[in-house]
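Below is one structure, written out as structure tokens, with a few remarks after it.
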Amino acid sequence: MRGRGNARSSQALGVSWCPATWHPRLDMGRLHRPRSSTSYRNLPHLFLFFLFVGPFSCLGSYSRATELLYSLNEGLPAGVLIGSLAEDLRLLPRSAGRPDPQSQLPERTGAEWNPPLSFSLASRGLSGQYVTLDNRSGELHTSAQEIDREALCVEGGGGTAWSGSVSISSSPSDSCLLLLDVLVLPQEYFRFVKVKIAIRDINDNAPQFPVSQISVWVPENAPVNTRLAIEHPAVDPDVGINGVQTYRLLDYHGMFTLDVEENENGERTPYLIVMGALDRETQDQYVSIIIAEDGGSPPLLGSATLTIGISDINDNCPLFTDSQINVTVYGNATVGTPIAAVQAVDKDLGTNAQITYSYSQKVPQASKDLFHLDENTGVIKLFSKIGGSVLESHKLTILANGPGCIPAVITALVSIIKVIFRPPEIVPRYIANEIDGVVYLKELEPVNTPIAFFTIRDPEGKYKVNCYLDGEGPFRLSPYKPYNNEYLLETTKPMDYELQQFYEVAVVAWNSEGFHVKRVIKVQLLDDNDNAPIFLQPLIELTIEENNSPNAFLTKLYATDADSEERGQVSYFLGPDAPSYFSLDSVTGILTVSTQLDREEKEKYRYTVRAVDCGKPPRESVATVALTVLDKNDNSPRFINKDFSFFVPENFPGYGEIGVISVTDADAGRNGWVALSVVNQSDIFVIDTGKGMLRAKVSLDREQQSSYTLWVEAVDGGEPALSSTAKITILLLDINDNPPLVLFPQSNMSYLLVLPSTLPGSPVTEVYAVDKDTGMNAVIAYSIIGRRGPRPESFRIDPKTGNITLEEALLQTDYGLHRLLVKVSDHGYPEPLHSTVMVNLFVNDTVSNESYIESLLRKEPEINIEEKEPQISIEPTHRKVESVSCMPTLVALSVISLGSITLVTGMGIYICLRKGEKHPREDENLEVQIPLKGKIDLHMRERKPMDISNI
């Protein structure tokens, strides 16, 4: 899938056009200008001008070619707007906007002119592949065929490939053009437009090396700062900053570094720079990973294995380990018998390590004739039969010659023992595989594996011969019965190639005359695949931060195998339990992860990796990778609800627990630590960060405010910190904490004149009270609890409305002051609250002496309190509480509270309006307003208004 990270707006970023000389018929922008009255007067002249120059201008228009340039990113989806030819050619005013493709372009309308234009490609060609042209609006869009800049414009193409009306132009620079020829019709507005669309490159290709293994040879005598070009540099089809920008080594070994040089064409070549002195004899090879990185955002990487070989120079000469050897030769030795061998060592390689052996010029010719020196192997053999005149001692000076070196010198002192009798003979018969005197054994051969039979005999047949095994090694030489003088050489314990690869022992025989003979046996062990690869650590513990970049490096696995050659070559593989997005390079052991890891999705990964050698059969070992994804602060605190609602009874004590605000943060450690705070209303509410408990600092009164809306912010402890908010709604539930407030009558000292002619059943006055509570706490009942007067039982009060009516016809004896003590009680639970008010009714025809009435009102009445509950048809609310959930009741009370507030407000407005309509008349009841005192005080002297008190 092609990346679209750099895709920008569909609007073309650059537009340039080159029109010919302006002509009134072709410049549509001029036709939209408002005409003045003068232009109408010049119409005849303008008509003649058009008639004369029109044909020439038409011919001129065919010769005009307009060029437009647009640019867009490669890889855009279908339907992205590239540009509008009509607007960019100024065939339509830009303020007019784009025409509706379904609508007909208007003809001449008054002073404006919109020509019916059409747009088409000169020929189809490849146009349907990459762009589409709207024939009416002239809008260019991308087609369903995705534009791939790397496929269209091959670097270095240098030219233009035409196909019909669409062509591809590329050059060694990073420009890539899509060329189109567009015709604008009808003929009288004809234009031939060349459209160039520059395709901008996006970083959709990673650098890639042509080969996975790159080898560089460096002479071991290369001085510091030697620069060596690395062949096969990485290739990136992208251009510009998206191409290869830099190279780096994953492991420098302290000996090398990389530099990048750029040539005139912008090509970057990596150079290997020597940083220290090299010695092939110390280390002949360095292996590292070379990484190529482009300049995109984010950058893409490519890698290959870089093997740096150290080539040999002739900086070492042959050396002998000893300066002198002593050799004994018996006079009866057979011609051609090797008597000794010298060997020098040269640490160089190839021709630099070739050694030839020769005698020094000081060696006498007689010694040279008696002993032959092989110039290639250094073996000294008896060249002629030892005669009686041969010297008993010879000094052989041998030179080891290397190219360009001073010869190394060793001296062989040869002593000749002249004998009359022949020494014992040792005749071997090999059972194991023997080549050129070397026996080859597999390391896994069992104990007591036979190697060879040896026959020990005296050539003269006169002397007894004994033998033994000389040398160290897991071998045993024992007589092989029932045969005499037959001996078997066999192994005594298992052999391990990894501990010792080569053994040298000798079978020594001697007779009773003291003659000794030995036969050297060389044993070379052959390696078996008996060792499995071993990881340095059986448990590989790794860490990586979440939201890592793709193909992030985790570690480089390393396992050793003690076996040799291909049996010791190790390849690395992921175990079957490893997730698919982990990758392991089988050669280098580099472990990477191809995708971003999310700690909140999975924090720990545990899977196996295998190290397998190339033996037959292969052996393997397993290690466990334990990867821990480290946390980043990439998650905001999250409330369990977006909105929280709490129902709290009013008068709730300060710092009481209202409710718990639950919030979580998927991050870990400090990134997941959340602090809560109240954003608004912080002067009233506070929240406990540790528990998330919301508390009110003060007691809440529903009558002052029935609900609160506040916002709580949760902030984590990351850097930078992340936050989120939640809405908290607190609804106060009403409790019966307000007694009814009597609004009328306004004073215990007020009275009302009742005419004796008032008919029974007629309303006389009313008691009106309100309660600030809601629900049943605000339902008011009225009752008369005390009476005083001539016949005060003549009046009754409606328990629901508080209306006081006349029960019986008034008699002559009923004249005077009637005093009714009215109790106004709510239906609160568990304890109803109430207030009282004194209603004074003066029965008389007129009020002739107000001072007399006032004196009566000042006297404290002797009233017997009647504790009668008013009988009103209200459903009982204070029933026995059942063990059910309180939530439905709380919700219902909240609804009733809100409704009651609305009802009380409406009633207050109604009373105010009603009082405004009342006008006192002479024939109506006379009401005298007397100040109210806190308690029932009939001896008031001051007319100071006060509230009615609770009893």
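Cβ atoms here come from the backbone N, Cα and C positions, even for glycine.
Record note: of N547, N748, Swiss-Prot gives the feature N-linked glycosylation site to N748, with no matching annotation on the rest. Checked against Swiss-Prot, the range among 408-428, 891-911 recorded as transmembrane segment is 891-911. The DSSP breakdown of the domain 'Cadherin 4' (536-639) into helical (H, G, I), extended (E, B) and coil residues amounts to 4 helix, 49 strand, 51 coil. Each residue of the domain 'Cadherin 6' (746-863) gets a DSSP state, and the totals for helix, strand and coil are 19 helix, 48 strand, 51 coil.
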